[in-house]
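Features of the protein shown, as given by TrEMBL:
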DOMAIN    1-91  domain 'Thioredoxin'
TRANSMEM  137-170  transmembrane segment
COMPBIAS  188-203  compositional bias 'Acidic residues'
REGION    188-242  region 'Disordered'
COMPBIAS  211-224  compositional bias 'Acidic residues'
COMPBIAS  225-234  compositional bias 'Polar residues'
């Protein structure tokens, strides 16, 4: 239904209006057989999930679909009205269904799964009650325990998924934050270097002010070569007398 052009009717066997419209819909299908338009019908009793997916609230409901864009037919339920709707492209005058609630959207897909699950539970209840003779209270107890277990499993899986997502997001954020801080520090360092350049004169002055090993050795030699003081001479004379 997502490709090409379709006209789809949703009906139920117990619906009187659907029974009256049945022959008109058959004639319309024969009229469109020579054209590139597909005509179909869906029994909502057999396909309850589709009734939920397409939000069927009244019967019969007719939808026009062209390349995945859905329009609801609101014209008269007659062969002439249906043919004019196609021939005059009256579906262009009515706005398409909202993309959020279109049958192929994620929301409606989830609703369809809920309908399938409810139908599965209903069938299981009927089988256990009719074929196996289980009492109703036992069936409800089993279903209740099963729902609790399924809820715990879904909650645990959801928690694990969220934990992985948060851990990955934190790691990415922390890496980007460190990179940004490093870039900021490098930019500040370059800015300081440009504002306060170190010249050759300052380097020479700093070097002269520092005491290098050569300067220290020279100072020691000067101390050794200095003439002895009067006190040193007196001490030597006393040693000679002794």
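Any Cβ shown, glycine's included, is placed from N, Cα and C.
Residue counts for the domain 'Thioredoxin' (1-91) by DSSP state, with H, G and I taken as helix and E and B as strand, are 34 helix, 23 strand, 34 coil. For the domain 'Thioredoxin' (1-91), the model gives a mean pLDDT of 89.
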